[in-house]
Amino acid sequence: MVGLTPQHYGNAIALMTYLASTALADNKFPDCTSGPLSKLAVCDTSRDVTTRAQSLVDAMSFAEKVNNTQYEAPGVPRLGLPAYNWWSEALHGVAGAPGVHFADSGPFSYATSFAQPILLGASFDDELVKQVATVVGTEGRAFGNAGRAGLDYWTPNINPFRDPRWGRGQETPGEDPLHVSRYVYHLVDGLQGGIGPARPQIAATCKHFAAYDMEDWNGVSRHEFDARVSTQDLAEFYLPSFKSCVRDAQVDAVMCSYNALNGVPTCADPYLLQTLLREHWDWDQPGHWVVSDCGAIDDIYIGHNYTKTGAEAAAVALNAGTDLDCGTVFPKHLGEAAEQGLYTNQTLDRALVRLYSSLVKLGYFDPAEKQPYGSIGWKDVDTPAAEQLAHKAAVEGIVLLKNDQTLPLKAKGTLALIGPYANATKQMQGNYQGPPKYIRTLEWAATQHGYQVQYSPGTAINNSSTAGFAAALAAAKDADVVLYAGGIDNTIESETLDRTTITWPGNQLSLISELSNLHKPLIVIQFGGGQVDDTPLLTNPHVNALLWAGYPSQEGGAAIFDILTGKAAPAGRLPITQYPAAYTAQVPMTEMGLRAGGDNPGRTYRWYDKAVVPFGFGLHYTSFEVSWDRGRLGPYNTAALVNRAPGGSHVDRALFDTFRVQVQNTGTVTSDYVALLFVKTEDAGPEPYPLKTLVGYTRVQQVKPGERRSVEIEVTLGAMARTAANGDLVLYPGKYTLQVDVGERGYPTARVSVHGKEVVLDHFPQPPEGR
């Protein structure tokens, strides 16, 4: 999402900073008791949402309407409508943004900072996602109630992680459409306080709609990039998470993206914003609105050259269904566009009614006693329960990639703590962060666990200096155990910054190699959102253990040491594919196709089979055996499956079956187990067939040694279906193989047969001619 503003445009949009202004926020609640607004229906809580919002819009002059189509809305002083800043952020906790104002100290000077979405996604724990989101939503509401933020937040980022070089992959839960879809459903449920609630806790915003996953690659910028995507890939990969967010979770807001899609900038695309979003996904209820990414409406005429003037850009965006400009094109040019007859007053009113309907639902115009979330305040921010949840979220996501029985550590002693993350603080938060009350460093955690720590960073994230190597090696020689903490950070991957390589920085690899030559127990902690090719570490016999920790945030050091010492057992799974370093030379970032063919080696685990570490991989401190609970599965009939779907619901969400497997802990350590269920076929529907597809998962908590659990994995019709070339979601007859886990473990498979005729579960709206 939201953008660092395109600097070459010269727009007067504030850049986001980590430390927000200490001044009080612009957002103050209006006076609906005695002020001018009290005479309007917007303050009458007995009226319906649309009537209330319409009364406010009707009272505005044309100039006042135009002025309030920007994120930094000035309000209408003569009506008693205060200014309102729509731009608040809360990707993994309330974060710095133009609309969020942290105090210097005391109340509202911090908020709980949870693990970045890429690490939370690695937990494959839907209930945990909802719990985290509930806390983030509660704390967001507390800031909003205090006038230190808005009541809407521009989160989550749900673009699937297509290319390993993408700088913002850390903001997403992973690469698989089903996984991202389930993640966002539970996240929005927690943020907003339910599925489509009449009175949401906050308004969430799903972004970036659509096919946005590139910042700046080889001189191609997101501000002018035209993503060429087939209808099949669009429906199968790029849109399912948005369908889940919009149609199923009923989010209140959506953000259109910087890029164009098949020739049309997304914020100017009625096919995306009207045909798909509002009509096909039935998302035109009161209080649902679309905001542009910041500067994206500028891009319509400056980056994409889709229109010649700012007035034309403003009009095409408004007509397409963009309601709010995170920028200044609307307030600067809608007046001129109106004079040219490029849009109607009704279209302008429609946008404003959508926006103010959202604020009506949020209780912005209600007296305190009628606001269901009005009592939320500072007492509800960073509570002990929230801190415990932040710890749990970090622990559950950590993935063990290699272990030769060195872990868990069995004795206290001297520990050499080396690497650019060895004493990291903010670095462990990733991007879109806010100030937390504390950040548990690795050094702090090691001391808490009784280790004598010898700290020596040795090297930076990415440079050519070896000046610190000698001190690091000296510290390692005197230690019982060596812990190297490194990887990548926001100087290598971030918004506006894609990677050009997916290797470990050379200086870090050199230091790790020299440390391994000491033949001391060597554990490497890999930080960062995107993966790096771990081949040099996986093949080095003197690198004894390797963990991926993503961006674990405020509880990072404590969570990692709980794993290292065995206080907690690792059970996270990689939510993305770890590609070999050579992959970046095989396919350009601008190639949006998923399927292998021609010069495209394929993307994601569904179409690429040469991974260094596959999607879904994760080791444990114990061992598990998995077996099928039923000897015979099915047979199934397409017509019968569809006919038994509940009336009034979307048939793709109906149950195909609930599969049961037996999971037994055959080792000696109590551990969670993530049961991933994949399906593959070689005759159901047309070729080419994906290598396999995730159709369901569940996280089994705390399985004790020797314990056997019966685990249920629900699979929907939509998960078993495939996407046709025209985008239709089709359930095909044929033979399917079910596989638990990532395949390397040799767990048994099961075969099922689906009979009958192919059935279309969802007819995908066809794009306009020529697209």
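Using the three backbone atoms N, Cα and C, a Cβ is placed for every residue, glycine included.
Feature list (source: Swiss-Prot):
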type	residues	note
SIGNAL	1-25	signal peptide
CARBOHYD	Asn67	N-linked glycosylation site
ACT_SITE	Asp293	active site
CARBOHYD	Asn305	N-linked glycosylation site
CARBOHYD	Asn345	N-linked glycosylation site
CARBOHYD	Asn423	N-linked glycosylation site
CARBOHYD	Asn462	N-linked glycosylation site
CARBOHYD	Asn463	N-linked glycosylation site
Rounded inter-Cα distance in Å - Asn423 (N-linked glycosylation site), Asn463 (N-linked glycosylation site) = 18
Key: Position of peak Cβ density within 10 Å, selected from the glycosylation sites Asn305, Asn423, Asn463   = Asn423
Query = In Å, rounded, how far does the Cα of Asn305 (N-linked glycosylation site) sit from the Cα of Asp293 (active site)?
reply = 17
Three-class DSSP secondary structure - Asn305 (N-linked glycosylation site) = coil
Remark   = DSSP, reduced to three states, assigns Asn462 (N-linked glycosylation site) to coil
Request  = Just name the most isolated of the glycosylation sites Asn67, Asn345, Asn462, going by other Cβ atoms within 10 Å of its Cβ.
outcome  = Asn345
Task = Note down the number of other Cβ atoms within 10 Å of the Cβ of the residue listed as 'active site', including every protein chain shown.
result = 27
Task = Fill in the CA-CA distance, the residue listed as 'active site' to Asn67 (N-linked glycosylation site), as an integer in Å.
result = 18
Task = Compute the C-alpha separation of Asn462 (N-linked glycosylation site) from Asn67 (N-linked glycosylation site), stating it in Å without decimals.
result = 46
Task = Measuring Cα to Cα, tell me the gap between Asn463 (N-linked glycosylation site) and Asn345 (N-linked glycosylation site) in whole angstrom.
result = 57
Ask   = Rounded to the nearest angstrom, how far is the Cα of Asn67 (N-linked glycosylation site) from the Cα of Asn345 (N-linked glycosylation site)?
value = 14
